[in-house]
Amino acid sequence: MKKTAIAIAVALAGFATVAQAAPKDNTWYAGGKLGWSQFHDTGWYNSNLNNNGPTHESQLGAGAFGGYQVNPYLGFEMGYDWLGRMPYKGVKVNGAFSSQAVQLTAKLGYPITDDLDIYTRLGGMVWRADSSNSIAGDNHDTGVSPVFAGGVEWAMTRDIATRLEYQWVNNIGDAGTVGVRPDNGMLSVGVSYRFGQEDNAPVVAPAPAPAPEVTTKTFTLKSDVLFNFNKATLKPEGQQALDQLYTQLSNMDPKDGSAVVLGYTDRIGSEQYNQKLSEKRAQSVVDYLVAKGIPANKISARGMGESDPVTGNTCDNVKARAALIDCLAPDRRVAIEVKGYKDVVTQPQA
């Protein structure tokens, strides 16, 4: 009982401690182990006869195991153990006892360093016990016992780990059948290979598509070409000029494009009159271009009146009306601003 308590204490020590030598989450591993197997409580019970000779309680033990790592702290493990063959060399009892088993355990681990874990395994073992002796002959028995284990595991490389482990199993065999009912403790060294430990290539997010460029282009036409002085009706040569402009606008074809026609006048006349005249001239241009095929919802008119003169003060000293009309001709104009979005095409990287 004292030995059992010690074994449980060793197993529970797996929680005393912090980075992770355990395999990656949701991966498999497999390995083998070799060690020193010792049977305890090996007295011969059959027919009330005691063994009166040497009993070789310490034997070579071995095993194989495979497991599934759920997360850094929890895994499940299944394994096969050869617990050894224990000879009896007595006068009354002369024979051997051997045992092998399959076990299923939960493996609870906790990191100490980046490549070292301490762990415990808790579960059950299905064993087979065989005995052959001079009194009872050959017998065997099967059963289930709890299994406790504790140890440390060191990640030698990314894929290979080694472990040092002590395992304890109670009551292997039925004394009435195979003559003994020993306990077993095994100290072993194991090596395992972890599958699927490769680092996934980092996923490079595609570069965001560049924002479309806002394009603005302005076409300026002289009002004297489009209209007679002080008029808002297009002249034939003005229509020809707008036909050429329409061709250019059609070739541009900006995405989500729109156009605004701005009408300007000179400073001759009242401000209110010139504002009305600029609006009428801008609308005349819009109506013509819509008739040519530009969608009405993509073009608008705006009268600017006398604002933004391009002549500045160059005509301030001109007094004669005819000369002033000629001097201020650049101020009488129609500007068409076309705005839209242009997709930016980037070359793929080699």
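The backbone N, Cα and C atoms fix where each Cβ goes, glycine too.
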From 59-70, 287-298, 335-346, the residue range that Swiss-Prot assigns the feature transmembrane segment: 59-70
Given ranges 100-111, 316-327, the stretch to which Swiss-Prot attaches the annotation transmembrane segment: 100-111
Which range of 116-124, 197-205, 224-232 is transmembrane segment, per Swiss-Prot: 116-124
Where CYS315 (disulfide bond) sits in the secondary structure, as DSSP reduces it to three classes: coil
Number of other Cβ atoms within 10 Å of the Cβ of CYS327 (disulfide bond) across all protein chains: 17
Inter-residue Cα distance where the pair is ARG163 (site 'Part of salt bridge gating mechanism') and CYS315 (disulfide bond), in Å: 100
